[in-house]
Every structure is written in C-alpha cells, then in structure tokens.
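S.K.: So TrEMBL lists the following for this protein:
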type     : residues                                                                            : note
ACT_SITE : ASP34                                                                               : active site, proton acceptor
ACT_SITE : ASP174                                                                              : active site, proton donor
BINDING  : SER9, HIS65, GLY141, PHE142, GLY143, GLY144, ASP174, GLY175, GLY176, GLY196, SER197 : substrate binding site
BINDING  : HIS32, ASP34, HIS65, ASP174                                                         : divalent metal cation binding site
Amino acid sequence: MAAPMIAPSILSADFARLGEEADAVTGSDWLHVDVMDAHFVPNLTLGLPVVKSLLKATDIPLDCHLMIDDPGRWAPSYAEAGAYNVTFHAEATDDPIAVAKDIRAAGGKAGLSVKPNTPIEPYLEILKEFDTLLVMSVEPGFGGQSFIPDVLGKARTVRKLVDSGELTLVVEIDGGINVDTVEQAAEAGVDCFVAGSAVYGAADPAAAVRGLREQAGRASAHLSL
Ligand code: DX5
Ligand code: ZN
C-alpha cells in the first residue's frame, strides 16, 4: 500500500478564516470539504461559492463530500469548478453510475459514500465506476462524534478487491478518526483518513496531520508485507 493519506475536514475549522485554516494544514494530501444541505442531513454548511473561493486560496486538492439530496443536479459543478474528488451518497440517488460519469466528464474523480448502516454488497459491482469509496464511520451531519468500529468490515471487503486487482479505488474513512481510532482503520486497509476535530482541535494542526499519518503508516506496514 502507498503511504496513508490524511484529509483534514474543515467542518471543524473557523469558517470565517478558511484560507488561513487551509494553510494551517499544509502537507495534507486532501482538504475535506463537507457540503450539507439540511435535507439529506440535519445540518447546513456551505456550497459551491465557498468551494470556488477555497480553490483560489489553497493548492491542497479539495475532497468535496456532498451530503445532499439530488447529487446528480449539483455534483458535476464541483468537479467543473476544480474540486479534485467529488463524493456523493449512495443513499441519495437511484442512479449512482450516471452521477459518477458526469463527475468524471467534468474533470473530477468520483467518490461514492455509504452511511454506517448501508451495506456495501449491493454496490460492489458498480465500484469500478468510482475512484474513491468513502466509508462513513459516524452518522453524517456533525463533527466530533464517536467512531463506529462496525463499519470496518466494509473497508476490509473493498481492500481485498483492490489488492486482488479487481478494483482501483482509494478507500477513505470519515468520522471519529483520531489517535485512538486511526490504527484500527489502517489495519482494515483504509488508504485515506478524514479527520476534523482531531486536526483542527489540536494546538498544531499540521503536526496532528503528520502524527496521524505516521500512526496509520505504522499500523498498516504489515499489510503490504
Ligand atoms: C461528518 C463529516 C465529517 C466530519 C468529521 O458528517 O462528514 O467529515 O467533519 O469530523 P470528526 O473527524 O470530528 O469526526
Ligand atoms: Zn465528511
């Protein structure tokens, strides 16, 4: 496996100073941007205008996590604007393949996300249309929640398919990742770790990113042997 990727979530950052908050995590692999519409999840955050401003303010590739209804209508615009990875929820659409194709046609990487109680089996066949699988390890909507270890079975299932060459996909996890939980996720074969409160709640966010990456790297070292 390649070196673990860390994606700080700006949900835990100061929204009035997003450019500086992006600078505070220089060296991160992706910057995770949680888009919530107060319909798919019971919370409201930000949308395309803020993402466009962030794209001008940072060189870190943006990982947009759309927790919204009707992703087919909105997701391609994020890719068109220049977001590196655009992830939407399997539960939010009847036609995930069409949405993935539109994201890719707009120049983005396409990600599929599943909530903690959504099984992965029904989606295994279509994962070849995606670049990223985002396994939610909390109920989407809020930062600072506790990690749900039961979801790691989904990461293990998809890791096996990646390792056997059946899929080419980044396995990403989101929710409750911190110094106490990152190792078990790494051992399950996760490639990319989203961390909000563990990074932006730290005195030195860039050091927190480096620490999580090292911890994940040590925990997953045996996986590549
Ligand atoms: C939750 C969001 C997460 C959130 C994670 O719906 O998708 O990205 O920011 O925050 P922590 O790391 O604090 O659980
Ligand atoms: Zn997220």
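Quick reminder: no glycine exception, Cβ is built from N, Cα and C everywhere.
No curator has checked TrEMBL annotations; they are predicted automatically.
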S.K.: Within 10 Å of each Cβ, count the other Cβ atoms, then let me know which of the binding-site residues GLY143, GLY176 comes out lowest.
M.R.: GLY143
S.K.: Quick check: which same-chain residues outside SER9, HIS65, GLY141, PHE142, GLY143, GLY144, ASP174, GLY175, GLY176, GLY196, SER197 lie with their CB within 8 A of the centre of the substrate site CB atoms?
M.R.: LEU11, SER12, ASP34, VAL138, GLN145, VAL194
S.K.: Among ASP34, HIS65, GLY141, ASP174, the recorded positions in the record, which have a C-beta under 6 A from ligand 2?
M.R.: ASP34, HIS65, ASP174
S.K.: Based on DSSP, name the secondary structure state of the residue listed as 'active site, proton acceptor': helix, strand or coil.
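M.R.: In three-state terms, the residue listed as 'active site, proton acceptor' counts as strand.
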S.K.: Hey, how far is the residue listed as 'active site, proton acceptor' from ASP174 (active site, proton donor), Cα to Cα, in Å?
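M.R.: Here the two Cα atoms lie 11 Å apart.
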S.K.: Note the Cβ centroid of HIS32, ASP34, HIS65, ASP174, the recorded divalent metal cation site, then list each other residue of that chain whose Cβ lies within 8 Å of it, in sequence.
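M.R.: Here the nearby residues are ALA7, SER9, LEU11, VAL33, ASP63, CYS64, THR87, LEU134, VAL194, GLY196.
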